Amino acid sequence: MPVAGFQVSTINMDHNIPFSEERIWDLGLRLWRRAKAVMAGQSSSGWELAVNESGVLKGHEGAVLAVRFNGDGNYCLTCGKDRTLRLWNPHRGIHIKTYKSHAREVRDVHVTTDNAKLVSCGGDRQLFYWDVSSGRVIRKLRGHDSEVNSVKFNEYNAVVVSAGYDRSVRAFDCRSQSTEPIQIIDTFQDSVMSVHLTKTEIIAGCVDGTVRTFDIRMGRELVDQLGHPVNCISLSNDANCVLASCLDSTLRLLDRSTGELLQEYKGHKCKSYKMDCCLTNTDAHVVSGSEDGFIYFWDLVDASIVSSFRAHSSVVTSVSYHPKDVCMLTSSVDGTIKVWRK
């Protein structure tokens, strides 16, 4: 059913207005305090970055569109233009299983917290709900009118939320035998590229230049206007900030409670491709791929580039940081997945 009863509140942000020195100081202090709080009690190794290549995973035929660590970081899943999903132990360089059922490219995947089920989406307009161990498709979830870009389980693994080119976000009940969505949110003006969930919210990034937050409990929609197409969003580990990758080659960090722009990160190239971004597991650094095959690390507070290096021979489509260790996975149009350590 279509979403009903959402009160829309729009937050307009003009990023052409330069920050005053007072505001820069204020925001810098807040970010420094956030980073310091996150790092409290950790050793200095928490500041080390995964910049040294330690392994390469090969098996996909063609571009690898996404790579995702599972919840504990022991395994990873990859999505290919070859219409397959692959399960790996990236730490030992072992390919474990291939999942085949998609009719077109696979664009995103998410696994349940108990590692028993996974859900994938792609160019064939459907969501595939899989049993991990057997590789069997439990159910195909239908409803999108075009390609599906992003998919996530909620924290109870009972609901799947997806985002698509049909300008909608759709929710499906995994416990039901129905293949149709239980809720449709269609207030977007263009393709929805990325979706994330908290306990009570759906957060989505859209090509219409917005990051939209839907508070399910309050029935309220908050709209952050960024003014540039958003192709990926990622949450900080404390869930207080959202990082948005925009097609003007800029990453923007927003305070989720106020919608305030905290920082901008530049230097990479992002004009045409959907590419992931994320924060490291300490929330001390921002990470993104680049269309020229480079990986960039920025300091969270002052937005300086602390490391950049060529990781792949073509576009870096995806980055995934280990939940605890100094370890990162990257994937590329060049068909490889690489493992990086300190």
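Each residue, glycine too, has its Cβ placed from N, Cα and C.
Curation does not apply to TrEMBL; its annotations are automatic.
With a cut-off of 8 Å between Cβ atoms, the residues of this chain six or more beyond the repeat 'WD' (57-98) that come close are 104-111, 113, 115, 118, 120, 122, 130, 132, 135, 274, 276, 317-325, 327, 329-339. Positions annotated as repeat 'WD' by TrEMBL: 57-98 (among others).
Broken down with DSSP, the repeat 'WD' (99-140) shows 0 helix, 23 strand, 19 coil. Per TrEMBL, repeat 'WD' is recorded for 99-140 (among others).
Tertiary proximity for the repeat 'WD' (141-182) is limited to same-chain residues at least six positions away from its ends with a CB under 8 Å from its CB atoms, namely 1, 104, 107-114, 117, 119-129, 188-197, 199, 202, 204, 206, 214, 274. TrEMBL lists 141-182 (among others) with the feature repeat 'WD'.
Tertiary neighbourhood of the repeat 'WD' (286-308): same-chain residues 28, 31-32, 34-35, 49, 51, 243, 245, 251, 253, 263-273, 275-280, 314-319, 321, 328, 330, 332, 334, 340, selected by CB-CB distance under 8 Å and a gap of 6+ residues from either end. The annotation repeat 'WD' is assigned in TrEMBL to 286-308 (among others).
Residues or ranges marked as repeat 'WD' by TrEMBL: 309-342 (among others). For the repeat 'WD' (309-342), the model gives a mean pLDDT of 98.
Each residue in the repeat 'WD' (57-98) gets a DSSP state, and the totals come to 0 helix, 23 strand, 19 coil.
For the repeat 'WD' (99-140), the residues of the chain that approach it from at least six positions outside its boundaries are 65-66, 68, 70-71, 75, 77-87, 146-153, 155, 157, 160, 162, 164, 172, 174, 177, 179, judged by C-beta separation under 8 angstroms.
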